[in-house]
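The region 'Disordered' annotation in TrEMBL covers B:1-23. Taken from TrEMBL, the feature Mg(2+) binding site applies to B:T86, B:D88, B:E101, B:Q120. The site 'Transition state stabilizer' annotation in TrEMBL covers B:K103.
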There are 2 protein chains.
Amino acid sequence: MAINYPNGKKFSPANSKPKKQVKKDFSFSNRGKTLEDELNESNAYYLERGFAVIHKKPIPLQIVKVDYPSRSSAVIREAYFRTPSTTDYNGVWNGIYIDFEAKETRNKTSFPLKNIHEHQVRHMAQVIRQQGKAFLIIRFSSLDRYFVVPFSLLEDSWNRMIGGGRKSIELAEIEQAGIEVIPGMYPRIDYLPAFEQLYRNEESEER
Amino acid sequence: MAINYPNGKKFSPANSKPKKQVKKDFSFSNRGKTLEDELNESNAYYLERGFAVIHKKPIPLQIVKVDYPSRSSAVIREAYFRTPSTTDYNGVWNGIYIDFEAKETRNKTSFPLKNIHEHQVRHMAQVIRQQGKAFLIIRFSSLDRYFVVPFSLLEDSWNRMIGGGRKSIELAEIEQAGIEVIPGMYPRIDYLPAFEQLYRNEESEER
């Protein structure tokens, strides 16, 4: 993955004045990016600086037919998408196992639960039982707002839905229980400090 | 994934006498299985019992062409295998981030390092720096012997190779630094206790 932004070594403080302008450009050029692109950028940034090792998992496919046009190359000619049995992202930060799913919605007032599979909820519950940390990153794309949402809110909303309640999480509930990530310059979605805040809050509640 | 072996609830201690015979059959029927099949079975077993949440990552592919023969289905018609940038397995056990690569060799006296990619070594080093645990599971298939091998031995051997030394890890070195997993009944490769032993050894060395 190419990192276009100059790193600290090449970028002296004296050169840092036009940052605001750069920020604007970045923000604009990021408009067309998917949440996945943005998070890949964040993860590359974290990896490069030694902050965390978090990767997106490849898309699970069932491969049916492979051709070998030459000895060294293989071309997959028939394959199907499979339903993922876990979340898309996981890794390690500071000795903590991190596991999350990232979803975007164009909805402006709530996050529809149909975006999440039941086995993903089950997987995240399993992670929590193993003392890992599980959460959602939700992008309200029409509002350009991003949240790190603790699994507890997803779980409560899921159970509410199963009990016959609403099939979504209200934005107000997300604002209440989650931590908002304000888009920045680079990485645009710096979600790790928001996660850390959630994690510290949980820890202090447990004490 | 189907689990064919009855779980504890269905299997009363009174029925457990013919285990030795079952073991033999299992061991025989597992001969044709790949290491991946065996580890998937182990991981399903750990997951079912709440011992750990460890999954194999999907194979990374670059998708070039997708057909949509009907509204609800998609068929991938052209895709290519990509070199994985991480290891194949990761997850969480008891609050510990676990990350490993599993490889088999038909070699009887050493494990050739050409089985491992340089970026996988780099990835495992990054994991260790984030206080995760990284290791190899090596199967010597001609010997039917399995080892959990700490990253430290891989790293030392890798650096030795770069320095012009041998391009493999000797079996004797693996016996010395790793923990052997004796194939059992179910799961056939119960690698978690071996990892735990390695981990406890490391912890006591650090103290």
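Just so it is clear, glycine is given a Cβ too, placed from its N, Cα and C backbone atoms.
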Original post:
What subset of the recorded positions B:T86, B:D88, B:E101, B:K103, B:Q120 has a Cβ positioned less than 8 Å from a Cβ of chain A?
Top reply: B:T86
**OP:** Rounded to the nearest Å, what's the C-alpha distance separating B:Q120 (Mg(2+) binding site) and B:K103 (site 'Transition state stabilizer')? Just drop the number here, would you?
**Re:** 12
**OP:** Report the residues of the chain - excluding B:T86, B:D88, B:E101, B:Q120 - with C-beta within 8 Å of the mean position of the site's C-beta atoms, for the recorded Mg(2+) site, in sequence order.
**Re:** B:P84, B:T87, B:Y89, B:D99, B:F100, B:H117, B:H123, B:M124
Original post:
Can you tell which of B:D88, B:E101 has the most other C-beta atoms within 10 Å, given these are the binding-site residues?
Top reply: B:E101
Original post:
C-alpha of B:D88 (Mg(2+) binding site) to C-alpha of B:K103 (site 'Transition state stabilizer'): distance in Å?
Top reply: 10
Original post:
Three-state secondary structure of B:T86 (Mg(2+) binding site) from DSSP?
Top reply: coil
Original post:
What's the CA to CA span in angstrom from B:K103 (site 'Transition state stabilizer') over to B:T86 (Mg(2+) binding site)?
Top reply: 14
Original post:
For B:Q120 (Mg(2+) binding site), what is the tally of other C-beta atoms lying within 10 angstroms of its C-beta?
Top reply: 21
